[in-house]
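Encoded as structure tokens, the structure appears first; notes follow it.
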């Protein structure tokens, strides 16, 4: 094979020579690889190397066992470090000063609150719960019946009114309304005092009884029970008379008849409606029971409006013991509570009617104007409706009358202050709201509650005070007044005596109370057989803890005599006002402030109506 040499001349390519050169290089590489030693398999390696030499572990002999030296050293080191740290911490804790965080002591108002609620346990009638916490009380008056109905209605239960064994529906309803009002406003304070469940149980004991006193399942009624027991002894002492007889409630084995109101029961029915309506807010989380209470309240309020007339009939017991001076204030009071319980604008329309307010005495200024009691609901009703104006401000057409209630509430609060001379005071500082008549403490306690509550309303509304004429007073002035009255009751008085049994070092020992004055261990006493316990000068064998007695006279004088009920008899209505005042004052002012919203839980949003156009201008 020939080719042309690019540089000139022939070029001959020898194939053999070129192959030999390439093969030579390839053969050399193969020879180099063949010269390398071949890798040994595992068996060959084991022949050459022999068995591996293992490292020998070190152990520590502890006598009974052998432990790895490494583990032993780690464990020992950990123990030493832990001991050192524990010792160091102990030394630091011992030598560094520290403060003890003890539970703060309860104030006097809270301590008194714990006791005053027990009075209601002592007043229970009927079959008592297992944990009633009053050792000397038992089941009583288990035969109470209303024979005016067919078949006869069971009216067992409820509360005895005072030191006797009579059940009066009128003051009992007021007492339950006051307790419910205090729970709605101050549930956080009751909870802090450990008494919320207790006070709710007391309220339910009362409302369960009220539901027995009329046909609570009906929409319309014609009769309700006003009283169980008999106490009018103007015609001379008679057997089976609860005032004439001096017996423990547990020894009353005769059947006691109910006295009913058939028509013209406006004050009684409206007051009981207030009790059921306010309690329905307390038990709003128990929906079935709350609805039952609301239905009963509506039925009673309709009955109250059917025939507008007082239940107090001349020459009857209702006129002798708890005579109602008016019924319009109860209609105002009951209607306000029903509005809050239902949100039904019809009730608001009624209670903001000028005629209703006028008949209730809202524009008067008599000697008892502003004196809150089981008989006079106007001060409480006006404050209750002032709450609506302060927090919801419904505007037209309610603003005019609500502003009047607000202003009149301010006037009442001014009358409580010592700078204004409407009500006299004893030298010891007790306000004489009943103008020197006996049993003044219940009125002072009620006024203290309203004053403290109005103060809290103003604070919650970011209002620093109110005007008395041209002079402005801060809310602190109201609380000072409330404290002064409750402090007097608790022992800050010239006699240095607490008028709440069981509170403080010195309190009445001869309380006018049948159950407290007769030992539990004695055999059953007859109607007149118990008189010896009434007339003895010995202290009561049973302490009725929490009972606020009637109180001193207008000269701060007090006689601890069982036979004088004007000094030593406690009442259900009076003690309810005291409970309300105590919870309002208990705790720090910034703690457990009023609950602004629960009262309005059933009230829908209010849209103010458009006011009418102004009258046309005439030249």
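Here the Cβ of each residue, glycine as well, is placed from N, Cα and C on the backbone.
What TrEMBL says about this one:
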- 512: active site (ACT_SITE)
- 560: active site (ACT_SITE)
- 569: active site (ACT_SITE)
- 109-582: domain 'Glycoside hydrolase family 9' (DOMAIN)
- 71-93: transmembrane segment (TRANSMEM)
Mind checking which of 560, 569 has the fewest other CB atoms within 10 A of its CB? They're the active-site residues.
560
Residue 560 (active site) to residue 512 (active site) - Cα separation in whole Å:
9
Residue 569 (active site) and residue 512 (active site), distance between Cα atoms, whole Å:
5
State the count of C-beta atoms found within 10 angstroms of the C-beta of residue 512 (active site), not counting that atom itself.
25
For the domain 'Glycoside hydrolase family 9' (109-582), report the average pLDDT of the model, please.
95
